[in-house]
Amino acid sequence: MFSGKQTKPTFKSYLPPLQVSETLACEIVVNEANFVRKCIGAESCQDDLWGKLVCTNFKVSFIAHNSLPRQRFQCTHRLLGEHDIPLACVEQVVTVNDVKGKQKILGSNQKLKFNPTELILYCKDFRIIRFRFDEAGPESAKKVCLAIAHYSHPADPQLLFGFEYVGKRYHGSTGERVNGVDPGGGLQTPLFDCSSDWDREIKRTGASEWRVCTINQGYFISPSLPEFFVVPVSLADQDLKQYACCFYSQRIPLWCWNHSSGSALVRMSNISDPQQQRKVEQRISSAITKSHPLRSDVFKSDLDKNLPNIQDIQAALLKLRQICVIDSFEESEEKWLSSLESSRWMEYVRTFLRHAVEVVYMLESRHVSVILLEKEDRDLSCVISCLVQLMCDPHCRSLHSFQGLIQKEWVMAGHRFLDRCNHLKRNDKEESPVFLLFLDCVWQLWNQYPAAFEFTEVYLTVLGDSMWVPVFSTFLFNCPRQRAEHSRDFASSKSIHLGQDQALCFPPVWDWSQQFSLKDQTLFNNPLYVGKIATCVQNGTVKTFTHRRSKKNYSSTLRGLPSALRNGSLGPNDTLTRRNSLMLRLRSDLSQVREQQETPSERFVRDFFSRPVDLQGLLLPQLLPSHLSVWKLYFLRWVPEAQIPQGGPITAFHKLSVLTDEIEMLQNQLRQYQGAAGTPNNLHAEHSKMYFKATSTPHQSPAPPEYLSSSFPFSPVGNLCRPGILGTPLSKLLNGAKIWLSTETLANETI
């Protein structure tokens with residue numbers, strides 16, 4: 001990400017590794033400095049914390065002597081303390097000497113010629129952490145800074161902490177357990193690392209003309225594909241072996257999903273051999289056509305031509321981070337909003353969502369199969385294939401199925417998490433937040449249809465943070481083969497006896513018990529969620545229902561837009577404000593011109609929004625710039641004014657959780673009254689799916705907790721990274737102000 005050529009690390013630890021009780025069993029202390037001050041905000045103040053700064057082989061840890069009182073409702077991470085930063089999360093290490101006026105960005109191969117008075121850590125989760133060494137010894141300050149710079153730049157994947165964690169914590173000597181992992185230990189998320197998971201997905205989607213292919217067992221055909229994947233029945237294994245050499249990285253086309261009409265969603269890398277291109281394309285297209293019950297044509301969507309590349313996405317995130325937590329806020333509203341727009345991050349989010357809608361149109365309305373074309377089929381296709389399935393298939397919107405979707409389309413399909421997250425900090429050109437962009441797209445869809453998803457915004461935020469905890473296999477490798485090879489090599493070097501799988505059993509990130517308690521995991525459950533078979537009790541009888549929105553179209557009015565606003569146009573009696581300017585009106589002939597130019601896909605979208613929306617059916621996002629919001633809980637949670645006491649979405653979340661819990665309690669009581677099997681009242685508190693629970697006394701109404709804020713459950717007291725912004729444009733945004741674009745921009749917008 002940052003300039004500067006990286007060479008082989010030469011730094012050696014100044015202190016011998018020490019085992020300490022405050023760390024994990026496989027964690028060692030490398031260096032530490034006492035009498036360090038952690039700054040709260042950009043400037044030093046009386047609220048700063050004093051303590052010890054520690055660098056281990058896993059994290060940068062600050063042990064405060066005068067810790068602030070812990071808030072009662074705060075998510076507790078089992079691997080990380082409140083002031084801990086995983087080394088993989090450290091983006092840049094900057095040392096400062098106030099006296100000499102010097103500043104230096106430290107890498108693992110660099111020396112520090114001055115004694116630092118300040119250390120600034122820029123983190124990938126949008127934190128900026130500052131430490132002062134005014135009272136610390138100069139030598140200890142220098143050594144701990146060099147240690148952090150060195151250990152945050154590992155030279156080899158096996159130096160990542162995940163290997164030590166798995167090798168010691170998960171390796172067991174008993175025959176009943178393999179590497180400390182209980183086989184089938186209650187994990188409900190399909191990992192798609194075996195043929196049975198693919199078989200179930202084929203049957204679930206009704207893809208009768210598709211089969212599980214096993215020719216890549218042992219990664220014999222392609223090093224980046226999984227050992228099991230799905231192909232058309234009409235394609236024989238021998239043909240696939242013959243065609244494999246024609247594709248980039250031998251990546252044979254992969255089946256993703258089947259529409260109820262029989263249309264298939266397939267992803268495919270480009271054909272590298274120009275002489276064979278026409279022949280192979282025709283053979284693949286013919287096989288996909290035969291798998292369709294109507295023998296419909298195949299539509300090819302070239303993602304490289306229609307979507308931003310990984311470098312564009314990376315540049316957009318850097319600009320977004322700059323304006324969110326680094327640049328000084330200005331009083332001019334136009335400057336902050338225009339900076340946000342010029343980062344292009346929101347534009348790219350909208351572009352990916354729009355392209356996914358176009359693919360949905362081909363599957364849903366045209367009833368044709370779609371091939372997602374990308375040069376190596378490992379980045380952009382991951383985003384689009386997942387978004388299409390989320391929009392079309394309500395099954396994917398449950399928590400475990402959403403995790404299975406990521407496992408299928410990202411982990412097993414070979415997204416380069418090691419390179420894109422830049423865990424080794426070797427090649428900044430390969431770094432790109434493609435997965436974070438995907439999560440932002442999902443959040444935009446969630447934000448427009450919150451009752452359609454089983455999970456919450458907190459879950460999406462935690463999932464984004466988990467990329468920087470290099471313990472789980474999910475975000476640690478570029479492909480399944482790399483995981484298998486490195487785990488075997490590491491086990492051999494550490495003399496670890498492997499089980500029948502002949503590989504270390506890394507825990508997937510979906511085993512959330514490794515990071516959070518059962519109580520904290522209830523924060524993932526959405527109180528608004530309406531499942532496909534939601535239960536209710538009427539006249540003492542348990543019934544089921546499917547939620548349908550009323551005929552009135554709230555999708556625009558909920559966003560604060562005129563009710564007649566459709567696809568960027570205004571009705572003749574509607575007006576639209578541009579910030580605080582005069583009321584402007586689009587030309588009356590604009591709607592007529594646009595209607596004449598309306599494409600079939602635009603008509604498909606317009607027809608969708610003219611009908612009642614089934615939350616357990618097709619979901620399409622509204623894509624005007626004013627419909628998209630900034631994901632505040634992720635991008636702005638470390639800004640002080642993002643903590644609005646008794647405000648923000650958490651207030652509504654608290655009330656909805658209590659109401660949902662009360663309904664569940666009453667349902668259990670009615671079941672017991674009818675003699676049906678139900679949860680006893682005394683066990684309700686333990687089994688409730690809600691974090692906030694209703695009171696046991698019916699007449700006692702729970703009051704909103706005073707200590708909740710809009711950044712709940714992270715409550716970054718002691719982790720703030722900006723000065724106060726009260727009265728600035730961002731403060732207005734946090735309080736619900738919308739980003740209004742010019743009338744000219746809206747006039748040129750299309751969905």
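Every residue, even glycine, has its Cβ placed from backbone N, Cα and C.
TrEMBL entries are annotated by machine, without manual review.
If you check TrEMBL, you get these features:
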type	residues	note
DOMAIN	192-635	domain 'Myotubularin phosphatase'
BINDING	ASN309, ILE310	substrate binding site
Long-range Cβ list for ILE310 (substrate binding site), cut-off under 8 Å, min separation 6+ in sequence, same chain only, gives ASP379, ARG420, GLU430, SER432, VAL434
What's the number of neighbouring CB atoms sitting within 10 A of the CB on ASN309 (substrate binding site)? 13
Across the domain 'Myotubularin phosphatase' (192-635), what does the mean pLDDT come to, as a whole number? 85
